[in-house]
């Protein structure tokens, strides 16, 4: 009988017992890579991937029953964000360079993971740590100046708590369709299921499987589609070749999650989950609370750092912002929050417009691909016309999403 693992031991990806103290030992790929780099030789194919896998496997923290693996994508935001913001607070030009490069780096990493078809916790970690760090700076640098009242701190804190509560709800089941019994049985038998794999990590990580050949399966919408009275009769269902089931109308397969989701809107990297029928309302609520809390926090900080100026003017003209390091750090964080808020505001705007026209992000992209939709409001929204029943009816439909559980039918699962 093997001895139990101590707090610093673990079983590595090769199934061998290892120790945290040996994390820098026995790494032939890294040694070879360094040697080739020093001798100006190219790396063999797959060397970088093997080095990355080895590093990811060895980044662990001690725990009671053995060292626990830490997701590498969680580390960069925790380290780089405070360092870069403190560097940006040293001088106006440094702030300009850092605050310009940060969005560029985040977008570059988004497109990199999207192209490599990977799932990552980087964006969720960045979002949550940004919230925590901005709140910390607000309490440490802004509140002690005495211009922010107790009630204002309580209001900001309540907004943050409500936003996190809505985010927690948005992270739950987006409305996954049940896995067919045949797939569950095969997984219990240990058979690899190669038809489902994560692939794209972006705001629109979706695919339409069997769209050309599967739309005529089972003719009319039944089963899951009975839950929505607004669905027109004769809407076809899709056969998903990956999940091996018949999708109800408006459902879609997320390649990243490897599951079909009812009324799939998109896969959001900021919550590391799909947005579908069951969590779309919570997603909109989390975005709304974030916008209100962020704007309120920015206003309070600017009123403290730049006295006798309106928030909008102070954001672009605040002569005393770099008079001391505390003011510079607060002003830098304000600009960081403003950039993030502008991006989230755009996402919220698109979501509200889509809801007003009763169209999902997935349906809009499919309509653009098939040239079946109309661009409205300067291209901000794509009206497919299929489910649009007017502004009030569309919002009534959205507010009733997930209010009644779907009725499962044997015809829907094959």
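The backbone N, Cα and C atoms fix where each Cβ goes, and this holds for glycine too.
Here the structure is a predicted model, which means the values were calculated and not measured.
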Range annotated as region 'Disordered' - as stated in TrEMBL, picked from 165-184, 185-204, 205-224, 225-244: 185-204
Correct range for transmembrane segment (source TrEMBL, candidates 83-109, 245-271, 353-379): 83-109
Transmembrane segment range according to TrEMBL, out of 150-167, 384-401: 150-167
Positions on the same chain near the transmembrane segment (150-167), where near means CB under 8 A and six or more residues out: 131, 135, 138-139, 143, 271, 282-283, 285-286, 289-290, 292-293, 296-297, 300
Chain residues in Cβ proximity to the transmembrane segment (282-305) (below 8 Å; excluding those fewer than six residues from its ends, i.e. six or more beyond): 134, 138, 142, 145, 147-148, 152, 155-156, 159-160, 162-163, 166-167, 169-170, 172, 268, 271, 275, 311, 314-315, 318, 320-321, 327, 330-331, 333-334, 337-338, 340-341, 344-345, 347-348, 351-352, 355
Three-state composition of the domain 'Palmitoyltransferase DHHC' (236-364), taking helix and strand from DSSP: 68 helix, 19 strand, 42 coil
